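> Let me give you the structure first, and then I'll get to my questions.
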Amino acid sequence: MCLHQLFLILPDVKSSADGIKKTIFCISQIMDHAVIVSSGKHSSDFITIADVLFNLFIEEMDSNPMVSSLLNKLANYTNLTQGVVEHEADEDTKRKEVKVPRMGTFIGVYLPCLQNILGVILFLRLTWIVGTAGVLESFIIVFMCCACTMLTAISMSAIATNGVVPAGGSYYMISRSLGPEFGGAVGLCFYLGTTFAGAMYILGTIEILLTYISPSAAIFKAEDGEETEAMLNNMRVYGTCIIILMAVVVFVGVKYVNKLALVFLACVILSIIAIYAGVIKTAFDPPDFPISYYETEVTIAIVFPLVDNLWSVYSEKGSIVEKKNQPSVSGSEDIKIGGRPYVFTDIMTYFTMLVGIYFPSVTGIMAGSNRSGDLKDAQKSIPTGTILAISTTSFIYLSCIVLFGACIEGVILRDKFGEAVNGNLVVGTLAWPSPWVIVIGSFFSTCGAGLQSLTGAPRLLQAIARDGIVPFIQVFGHGKANGEPTWALLLTAGICEIGILIASLDSVAPILSMFFLMCYMFVNLACAVQTLLRTPNWRPRFKYYHWTLSFLGMSLCLALMFICSWYYALVAMLIAGCIYKYIEYRGAEKEWGDGIRGLSLNAARYALLRVEDGPPHTKNWRPQLLVLLNLDCEQLVKHPRLLSFTSQLKAGKGLTIVGSVLQGTYLDKCTETQKAEENVKALMGVEKTKGFCQIVVSPSFRDGISHLIQSAGLGGMKHNTVLMAWPQSWKQTENHFSWKNFVDTVRETTAAQQALLVAKNIDLFPTNQERFTEGNIDVWWIVHDGGMLMLLPFLLRQHKVWRKCKMRIFTVAQMDDNSIQMKKDLQMFLYHLRLNAEVEVVEMFENDISAFTYEKTLMMEQRSQMLKQMQLSKNEREREAQLIHDRNTASHSTPAVKASVAASVPEKVQMTWTKEKFVAEKHKNKDTNVSDLFVYRNQSNVRRMHTAVKLNGVVLNKSQHAQLVLLNMPGPPKNRKGDENYMEFLEVLTEGLDRVLLVRGSGREVITIYS
């Protein structure tokens, strides 16, 4: 209608007013008509514009949404608490309404990072580190630590800007980049580091309280030479009380903790400003104050002693703090005890220990990324705010080192607790207008940092628990109705109490340094792996990164771990390794598209290309199995023991492909294929068979098996051995896996130069839970197959099911063979192969073919003729079989035998001949030419049956009670007309044996005597 008119008008419309009017008029008519259609009128006469546009995609509407309805959800993607949802697919149903984030870079990232980085070490230990290590070495310590955090921040910025980062911070980034195993291990280590950081802040709070604010509040009073022990006991008592108080505060009012964060940050900033103000004042007005180090009070003016403080002054525990060129005056014991005491060092000092104590002062760089859900533009704010915060704090630390070394005498700097300056905080001697500014500021900042740790650590543990990757901590994912992690808070307080009981800030600091360094190391590793893999999803908005920087940061973190404390580093790595293996074996399997999976794919591709060069050397040969399973009508595995035997033979080594064939077309059997694959994989998990599953749908069962043999595997990782079960019901022609399919499979494996293993009576084979406490694995080595028969028992005995079985090797000697020499040669050969086995040579001489053999051959030929009448009905086949039997009996019997057969039924038992009966009958009926009784046109069948009967008798005599018998599997006849006879030969060969493994080699050597 008018829509057609509109497209006719539009090409002629340029700028004329009439054309514009016509266009507007026509559009208005279209809109009016659309309204009419929406009200139910003329619906059959009108097709809406949407129908015109999307009729082509009408089949997709049920499963795929229109872009117009999806864009709003994609553009307004909101962050969720880590652990609430698993993946993007669940977000539409589980997303909760959240407030629109309003925080920018300064409030959301910069200030929280400042608050977490600046803290207790700056006020309580930095002056002591400068005095002990000297300005130069202190500068090196601070520069290394700040460089480590800066490189980590660059890697973190790249990861954080590569998509949306929900709450969970570093844990989320590492787990989604390196997989659940690394994520869980490093996440728990980061949790432990945050928890011990809370303990360190609490210990710093108590030290400030009892040393500088109210020394009289100490419960345990110092006695002679026990000042340190009394201080530690006070730390333990007060620390326990404070941690209980803080836990209650966090439990009741966590929102107040967050509101007070800015107050605590203000205290830190004011304290730092007071230090700089004091430095400026010192430059113009150097202070004079008494220092009590000697028998008499000495007044020392602080006038820029930078040159004296450049070099380190390390000391042993219990050494007197003194100047290098002014040794302490030895006084009487009364003066030392009753007068002004000497100041002694409480611990032995050295460079690596100072690194471990200082490093916690540069942690806290993850504060911005942890709040990514509250940021207005996280991908812009996190890199900018974090790097600016690290730059600011690095400048503060480096400048403080120079200022402390230039403004304070070295002997005062080495006085850790300020005993020589009347128990005042050493850094307070620089403060302006009063030392109390720094004392009060540092007290509140350490309190605030402790509360922040007790607030953040439980949430991190809750996020890990809700992810479900570590089963034993899932209980900590629960909390109060509003989501507060109650159980995680209790565990955090308990672990924090361990740090409190250690009671020494100098001992706790290296512990949390290990965990933080490990976390930072894996952040750098995650960025390096993602960058090197160049995965399509790796598109960070932060462009100022490079894999070499990430690798340098990772190396620096690892080096700092061992510099701080090599034994703490080993313990931390052991804890992380145990958690990693626990998650690998017991944790939930998650597919997060992590970099380790991508790294594995790259490594697999590289290895496959290398393996493609040629077949493996004999020393590296092992059976790479293609296991052919039969499925029932419900797509369940018919013989589960075949997978049990596979796992016992492989023990998790090498390649295993479990394949099966469904008859039909893939379009019709798609659902059954998925169900069959799920069932096979479930059984593989139960039987602990490590490998791959491949289900093929083919119009014929025979072609499907052929496709698997030809195409299973990839590149050089292809199977070299086929394992299948013997078709027990092969005589039933309606069976899908008939004798015809079996013989064709044998031929195809031979043509493909692959080994073949056929397990007969597979349902009698042991499960993985069974154990053979005694018994033998007997190997009947008739034909050389490249050593396959020797290698398989050795591999089986590596598994605990067969471990206590002994290996016996039998070989057969003929008339012209020297059996004694054969036994010696075989023993020497096994010695060179490093195989322990008993050796026995069995003599089997050629003799007359027994009547039993002829009877077996006769029955086999009768059945062969009967099977050729496949077009007849079942009743007709039975009648035809009886006629064939009667005709053959009449044609091959003497008149006397004919008469006996016709006389009575019991006389038929004479058909079961023995050698004695045959000789006696031969002499008795010389005139009737009994030698023609068993004259066959196909003498090869008789000879084959004779060999099968004789060999079966020998094997039964020696190995009837063996736990497993391994036999050379004869090849099928070249003439396909005798395939059904081949099955009969194999049946006779293995008759009477419980567990048999027929082995057919691939034609190449698989075992060698060389190293």
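Each residue, glycine too, has its Cβ placed from N, Cα and C.
Those TrEMBL annotations? Automatic predictions, nothing curated.
Just so it is clear, the model here is predicted, and its values are computed rather than measured.
Pulled these features from TrEMBL for this protein:
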| type | residues | note |
| --- | --- | --- |
| TRANSMEM | 104-126 | transmembrane segment |
| DOMAIN | 109-626 | domain 'Amino acid permease/ SLC12A' |
| TRANSMEM | 138-161 | transmembrane segment |
| TRANSMEM | 182-203 | transmembrane segment |
| TRANSMEM | 237-254 | transmembrane segment |
| TRANSMEM | 261-280 | transmembrane segment |
| TRANSMEM | 347-367 | transmembrane segment |
| TRANSMEM | 387-413 | transmembrane segment |
| TRANSMEM | 433-451 | transmembrane segment |
| TRANSMEM | 487-505 | transmembrane segment |
| TRANSMEM | 511-533 | transmembrane segment |
| TRANSMEM | 545-569 | transmembrane segment |
| DOMAIN | 756-1011 | domain 'SLC12A transporter C-terminal' |
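Map the listed features onto the structure and describe their local environment.
Residues of the same chain lying 6 or more positions beyond the ends of the transmembrane segment (104-126) and with a Cβ under 8 Å from any Cβ of it are 200-201, 204-205, 207-208, 261-262, 264-265, 268-269, 271-272, 357-358, 360-365, 367-368, 371, 374-377, 380-382, 384-386, 388-390, 392-393, 396-397, 400-401, 404, 416, 425, 427, 438, 441-442, 445-446, 448-449, 452, 505-506, 509.
Same-chain residues lying 6+ beyond the ends of the transmembrane segment (237-254) with a Cβ under 8 Å from its Cβ atoms: 198-199, 202-203, 205-206, 209-210, 219-220, 450-451, 454-455, 458, 484, 486, 489-490, 493, 496-497, 500, 503.
Taking Cβ pairs closer than 8 Å, the transmembrane segment (261-280) reaches residues 111-112, 114-115, 118-119, 122-123, 396, 400, 403, 407, 427, 430-433, 437-438, 440-442, 444-445, 447-449, 452 in its own chain, all 6 or more past its ends.
Taking Cβ pairs closer than 8 Å, the transmembrane segment (347-367) reaches residues 109, 112-113, 115-122, 125-126, 129, 132-133, 137-138, 141-142, 144-146, 148-149, 152-153, 156, 169-170, 193, 197, 200, 312, 314-317, 386, 389-390, 393-394, 397, 506, 509-510, 512-513, 516-517, 560, 563-565, 568 in its own chain, all 6 or more past its ends.
Remote same-chain residues near the transmembrane segment (387-413) are listed as 109-110, 113-114, 117-118, 122, 126-128, 130-132, 134-135, 138-139, 142-143, 146, 149-150, 153-154, 157, 272, 275-276, 279, 282, 291, 293, 300, 302, 304-306, 308-310, 313, 321-323, 361-362, 365, 368, 420-421, 426-427, 429-430 (criterion: CB distance under 8 Å, separation of at least six residues from the stretch ends).
A Cβ distance under 8 Å defines the sequence-distant neighbours of the transmembrane segment (433-451), meaning residues of its chain 6+ beyond its ends; these are 115-116, 118-120, 123-124, 197-198, 201-202, 204-205, 208-209, 212-213, 242, 246, 249-250, 257, 260-261, 263-265, 267-268, 270-271, 274-275, 277, 424-425, 427.
Long-range contacts of the transmembrane segment (511-533) within the same chain, counting only residues at least 6 positions beyond its ends with a Cβ under 8 Å from a Cβ of the stretch, are 148-149, 151-152, 154-156, 158-159, 162, 170, 173-174, 177-178, 182, 186, 189-190, 192-194, 196-197, 200, 356, 359-360, 363, 499, 545-547, 550-551, 553-554, 557-558, 560-561, 564-565, 568-569, 571-573, 576, 595-596, 598-599, 602.
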> Considering only the recorded stretches 138-161, 487-505, 545-569, state which has the highest number of Cβ pairs under 8 Å to the transmembrane segment (182-203).
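The stretch with the most contacts is 487-505.
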> Same chain, outside the transmembrane segment (487-505) by at least 6, Cβ under 8 Å from its Cβ: which residues?
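Residues packing against the transmembrane segment (487-505) from afar: 120, 124-125, 192, 195-196, 198-200, 202-204, 207, 232-233, 235-236, 239-240, 243-244, 247, 250-251, 453-454, 457-459, 461-462, 465, 475-479, 511.
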